[in-house]
Amino acid sequence: MEREPENGEPAEIKIIKEAYEKAFMFVNKGLNTDELGQKEEAKNYYKQGIGHLLRGISIAAAEPGHTGPAWEAARQMQQKMKETLQNVRTRLEILEKGLATSLRNDLQDVPKLYPEFPPKDACKKSPEQESVSTAPQRAEVDGSASAACAGPSGAPSALPVPSPSCPAEAPPAYSPQAAEGHYTVSYGTDSGEFSSVGEDFYRNRSQPPPLETLGLDADELILIPNGVQIFFVNPAGEVSAPSYPGYLRIVRFLDNSLDTVLNRPPGFLQVCDWLYPLVPDRSPVLKCTVGAYMFPDTMLQAAGCFVGVVLSSELPEDDRELFEDLLRQMSDLRLQANWNREEDEFQIPGRSSHPSEPPKEASGTDVRQSSSSGSSIDQGSKDARHKGKRGKKTKDSSEEVNLSQIVPCEPSSEEKSKELPEWSEKVAHNILSGASWVSWGLVKGAEFTGKAIQKGASKLRERIQPEEKPVEVSPAVTRGLYIAKQATGGAAKVSQLLVDGVCTVANCVGKELAPHVKKHGSKLVPESLKRDKDGKSALDGAMVVAASSVQGFSTVWQGLECAAKCIVNNVSAETVQTVRYKYGHNAGEATHNAVDSAINVGLTAYNIDNIGIKAMVKKTAKQTGHTLLEDYQIVERPQRESQGGATSTEGRRDIGKQVEEEKPGAGKKDK
C-alpha cells in the first residue's frame, strides 16, 4: 500500500495508519509466541494488539466529506483491522479459558506410537520373579499405575513366560485388517499370546486437536478417524516400520487474506502428529503404483526425507476418492509411471520375502527409489496402471504383503499397446494439412478482399463531389446514436459474459461426463470392431480420424472468424470514411455510431442464442466429445515427408500459426 506525503495527510489518517502498523506488529508477536507455547506472553501481545485495533477502528472514516484515495486506503485498513480484531478476540478467549493450547503442544501429547518392550532377560526368570519384576515396567509403559500391573491382584495373574528360543516378531506392519487391527503388540508363548502393554494403551487412541485451535476460518474438508498409517524414509533410503493406524484430516483456511499476515499455507494435511502444508500446484505429492502416497517431510530440516501415507482397505471407497480429489485440488499430485523391471515388489518394513519363492513378474517399485529419485515422477502420464501380482503365503504362515493388493491404485489392465491402422494416420494427416491450407486461404482471401474494398472506396471518393456545405445532423440524433452505441456495446459485453459462464459450466460438466461415457461406451462396442485380423484397433483408428476432423474444423472455423472480422472492419471503416468525405464530419460520426450499434446488436443476438438450455446441452455434448478425443489427437511430427519441396504436415501447422499472427489488431468485437 503506497503512502502519500505525510505533510498533506489529515491527523485522523495518521492515527489510523499508526494504529494499523502497531496492531499488526503486536498480533504477529502474539502469534509467534503462541506457536511456541508461551501462553502468558502471547496473551499480553494479543491484548496490546486489541488496544491498537480498537484505537484505529474508533476513528470515523466514513464521513461524507472524507473522500480521496487517502481516505479510501484508510477505510480499507479499518476493514482489515475489524476482521483481525474478531479473530484475535476469539483466540484470546480460548487461551484465557484454558480450552486448548497451541497445535504443536497438542501434538506432543499424543501417546507413544511404539511401546517399550520388557527386556529379553525376563525370559530367563522364574514365573514368580517375572510377576514381580515386570510390574513396574508395564506400569511405565502404560503411563499410569494400572490396577492390573501394580495392584495386589496383578501378582496372582502372572502370565506365562515366553521361551528364549522364540524370536521377537517384527514391528507392526500394514495388513488387510488395518482398520480394526494393530491394537495389540504381543509375542508368542507356549500357551498363547499376551499383550505387553495395558488396556489403557488401546483405549487412548490419538484424537485430532479441536478445530477451534486453528482459528474461526479453519474448515475441515475430510476426517478419517482411524485406519491410516505412515512410514518414514531417511536420506539413506532406510524405511521405518509403519505407525499404528491413526486419524487423517485435511484442513483449509477460508480467509486467504490472512495467509500472508499469519505466515500460513492455504491448507494442510495432518496424519496423527505429522503435518504437511498444501499449496495448489506447488506442494509435491507422488501416488505410487503400490497405493502409497509419498510426501516430502517438511517437519524435518534435513533434505531427502520423505513420508509415506497408506490408507486401509477397510476404509470406505468414498473416503479414498475424496482424499485423492482433495490432493488434486490442493497440491501438485503426480502418478508414478509403471516400471517394467523384474525386481522385488514393495515390501512393508518388518516383512521379508523368502528366497525359496520364484521371482514374480511385477512392475512394482520400491518406495525408497520412488521417493528419493526425482526421475520416478512421470511428468506427463495421467494413466499410470499397476500390473503387480499378489504376495504368497509360505509354510510358516508369514505373509508377504503387497500394498497394491490391499489399496488398489488404479484398476489393473492387461491391454497391450494399441496399434493404429495405417489408413487412419494418413487420413488424419491429410485432414490436418488440408484444414491448415483452407484456413490460411480464407485469411489471405480476406486480406485481399479488404485491400480491394479500400481501393474501390478510394476510387469511389475520387468520383464523388463533396457537398459545399456539410450536412447538419441534429444534436438529438447524434446524442441518440451515441447512447445507442454505448447501450448496445454494454449489452454485447454482458451477453458475452453470460456465454462465457455457460461455456465454463458446460466444459466442467463435459469433462466430468467424458470418463463415464468412455467407460460404459466401450462395453457396447463389439470386440470385432476393437481388433481386426492384424491385431490393430480399427475403432482407435476411427477415433484418431474423428479427433483430426475436430482439430481441422477448429482450424477452419478460426480462419473463417478471422476473415469475417477483417472484412467487417474494412467495410465499416471505408463506409464511415466515404460518408465523412461526402457529407461532413458530423454525418460521418453519426454513421460511425450507427454502424457500431448495428454490429453490437448482431453480436448480442448471436450471444443470446447461445445462452438457452438447448445451447447448454449442445455445448456439454460437444465438450464431452472433445474430451473423449483428446487422447487420440496427433501431436507428433510425421516421420515421412514428401520429396520435391512438398510441405509437411508440421510445416502447414506453422502456416496455421502464422494465420493467428496475421489477425488484424483493430477488430471490433470478438465473438
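Glycine residues also receive a Cβ, built from the backbone N, Cα and C atoms like all the rest.
According to Swiss-Prot:
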type	residues	note
COMPBIAS	118-128	compositional bias 'Basic and acidic residues'
COMPBIAS	143-158	compositional bias 'Low complexity'
COMPBIAS	159-174	compositional bias 'Pro residues'
COMPBIAS	369-379	compositional bias 'Low complexity'
COMPBIAS	384-393	compositional bias 'Basic residues'
COMPBIAS	650-671	compositional bias 'Basic and acidic residues'
CROSSLNK	Lys360	ubiquitin cross-link
DOMAIN	16-94	domain 'MIT'
MOD_RES	Met1	N-acetylmethionine
MOD_RES	Ser126	phosphoserine
MOD_RES	Ser474	phosphoserine
REGION	110-175	region 'Disordered'
REGION	346-421	region 'Disordered'
REGION	435-507	region 'Required for localization to lipid droplets'
REGION	635-671	region 'Disordered'
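Ser474 (phosphoserine) falls within neither a helix nor a strand when secondary structure is assigned with DSSP, and so counts as coil. Break the domain 'MIT' (16-94) down by DSSP state and the numbers are 65 helix, 0 strand, 14 coil. The C-beta environment of Ser474 (phosphoserine), restricted to residues of the same chain at least 6 apart in sequence and closer than 8 Å, is empty.
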